[in-house]
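S.K.: Look at Swiss-Prot and you will find Cys10, Cys13, Cys17, Cys45 tagged as [4Fe-4S] cluster binding site. Summarising the annotation, Swiss-Prot assigns domain '4Fe-4S Mo/W bis-MGD-type' to 3-59 and lists sequence analysis as the type of evidence.
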Amino acid sequence: MELDFIHTICPYCGTGCGVDLVVKDGTLVGTNPFKRHPVNEGKTCIKGSYCHEFVHRDDRLKTPLIRKNGELVEASWDEALELISGKLQNYSPEEVGFFSSARCTNEDNYVFQKFARTVIKTNNVDHCARLUHSATVVGLGQAFGSGAMTNSISDIEDADCIFIIGSNTFEQHPLIARRVVRAKEKGTKIIVIDPRYTPTAKQADLYLQLLPGTNIAVLNAIMHVLVKENLVDEEFIKNRTKGYEELKTTLETYTPEYASKLSGVAPELIVEAAKMYGSANAASILYCMGITQFTTGVNNVKSCCNLAMITGNIGKPGTGVNPLRGQNNVQGACDMGALPNVFPGYQAVPANHEKYAEAWNTCVDPNVGLSIPDMLAKAGEQVKCIYVMGENPMVSDPDIHHVEHALKSLDLLIVQDIFLTETAQVADVVLPGASWAEKDGTFSNTERRIQKINKAVDSPGEAIADWKIVKMLAEKMGQGELFNFNTAEEVFQEIAKVTPQYAGVTYERLGVDGLHWPCKTCEDPGTPILHCEKCLTPDGLGNIFAIDYADPDEMADSEYPMTLTTGRIIFHYHTGTMTRRSKHMADEINEGFVEIHPEDAEKMGIKNKQKVKVSTRRGEVVVNAKITPNIKQGVVFMPFHFAETAANILTNPAQDPNCKIPEYKVCAAKVEKI
């Protein structure tokens, strides 16, 4: 039996593990961890071990589909592109929106946003970072001048204290959690702050179980203790930051006792957390969507930055503020400018439109475009057409009834994907893309490591790489000269020309290990740790912000007495499009549930595995109860992977005004037995 082994990168979370796809007679038959990969070091999690299983599913999209007489029917590429081209040319730029994709390559995202900006002349381009880590991009950007992980994954092992807040690392980033375990074995102290007693919390030396939405109260109280106990780094504050005195004044109110009343965390635990973090020579903060998906998401992130800066935990090994990105290329999609306010490399639209007009040899709109929530809010009125590439907002976005109404209000909905997702099912035109295993390109992982992916097998039927589809559409619209690429490598060469952080990167230089951006010249070895000498702000100083606690948009009340929070489980990934088509994942669990504390369940007369109705002001879902002491009393938890019991029917679309991220992590709910 002759087997081929094709080195590539896992398509799931943002860790960026190296894997070898096993190919026999043109078919994927297995996945092996890549033994020498610097990120995962020859290990994979359960999702990564079976990441090939969805690729050859029979229900892959193989031809374009066009809606005729209410039904989606097969069509030729020429017919589908002719229809789209004709429609697009009749819309004004502000009437068209683009949802780009954290699932797709850097090359796909670059070409997609370039099409929006050069052919359609709109900055209405966004992607799911809006829903997960837009608070990171804004918060870290304002604090340090760069909205990305400050340190590397391997660097976590150099910490004396690891402070994990709003991240279930052991289930959602298992190969990063492996680093946490190794650090703990060497004596590193672990602090975990989370409303759920997760597998991550079980590894903690100190666990703080807070009420959802009270992160700032707890963080401010920890900093209050640090100031009081003189555990701050006065030298670092003086030489590397500004804004400390204002923060210090704000912190006076946040005694551990005051924060305890807001958060439910015992005052003595807050004091112990402060002393544990503050006494470490090097302390690393890890966080995820448990602090970003709030109406205060940006301020939550900036509070973590405050904590790191006042203790001098920036710019050296084992320190930093380190967001763990949820998707394989959500970092790269942001880097590529798949956002309404920035071009590639986070270059602001108003200030840099002339630069990109020159680079692309065409005029571009100088105005900031619409975000995903704004496009959906204006659908059917200002926005007539939305083009979705590799996203599934009918399951992933909050208040799904509103999303469905918005998408059905459009004159034209184009969906480009590998399966007929819930979103594709309501589309007017569906275009079949290639999966990650069927194309060349690059992903950029959570630690800013740019890595090469390699084609292992052919796409099914007439499916085509996403960037090539966009190029074909541009050619159909008479704009092919703007997309004079024949290979993914040629796309990347243009990326390097217009993206300062990628300027020194080539496919050849990436090799197997990849490179950390910024990598600005061909001699630059890359930058695993940011902000070593100074921050990337205009004056080189880190910005400390005085931040007060604010309640979530929706609090539990007499009508909806429980607090609902949502998230993921280890066996599934986002909207389940891939993992629910993986036999090994589906065999583990393939239906939704709601976690309820035993005392709450007893009061409501609910038994384990009993059907219950969970309702909020936006809708209701019938789902199985899972009685567990791991959830805080008064709080219920639902995973959002399962379309038939969609948690996002219930979630609150209220947004952080600074980044427009929705408040997935907290809303008022009630649970009733059926």
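Positions of Cβ are set from backbone N, Cα and C atoms, glycine also.
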S.K.: When you measure from the Cβ of Cys17 ([4Fe-4S] cluster binding site), how many other Cβ atoms are you left with inside 10 Å?
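M.R.: So the Cβ neighbour count for Cys17 ([4Fe-4S] cluster binding site) comes to 28.
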S.K.: Which chain-mates of Cys13 ([4Fe-4S] cluster binding site) that are at least 6 residues away have a CB under 8 A from its CB, listed by sequence?
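M.R.: The list for Cys13 ([4Fe-4S] cluster binding site) reads Lys47, Gln172, His173, Leu324, Arg325, Gly326, Gln327, Asn328, Tyr573, given in order along the sequence.
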S.K.: Around the [4Fe-4S] cluster site (Cys10, Cys13, Cys17, Cys45), what further same-chain residues have their C-beta within 8 angstroms of the site's C-beta centre?
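M.R.: Surrounding the site, in chain order, are Tyr12, Thr15, Gly16, Asn40, Thr44, Lys47, Gly48, Cys51, His173, Pro174, Leu175.
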S.K.: Taking each of the binding-site residues Cys10, Cys45 in turn and counting other Cβ atoms within 10 Å of its Cβ, which one has the fewest?
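M.R.: Output over binding-site residues Cys10, Cys45: least Cβ neighbours within 10 Å is Cys45.
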S.K.: Between 0 and 100, where does the mean pLDDT of the domain '4Fe-4S Mo/W bis-MGD-type' (3-59) sit?
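M.R.: Mean per-residue confidence for the domain '4Fe-4S Mo/W bis-MGD-type' (3-59): 95 out of 100.
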S.K.: Could you tell me how many residues in the domain '4Fe-4S Mo/W bis-MGD-type' (3-59) are helical, how many are strand and how many are coil under DSSP?
M.R.: 4 helix, 20 strand, 33 coil
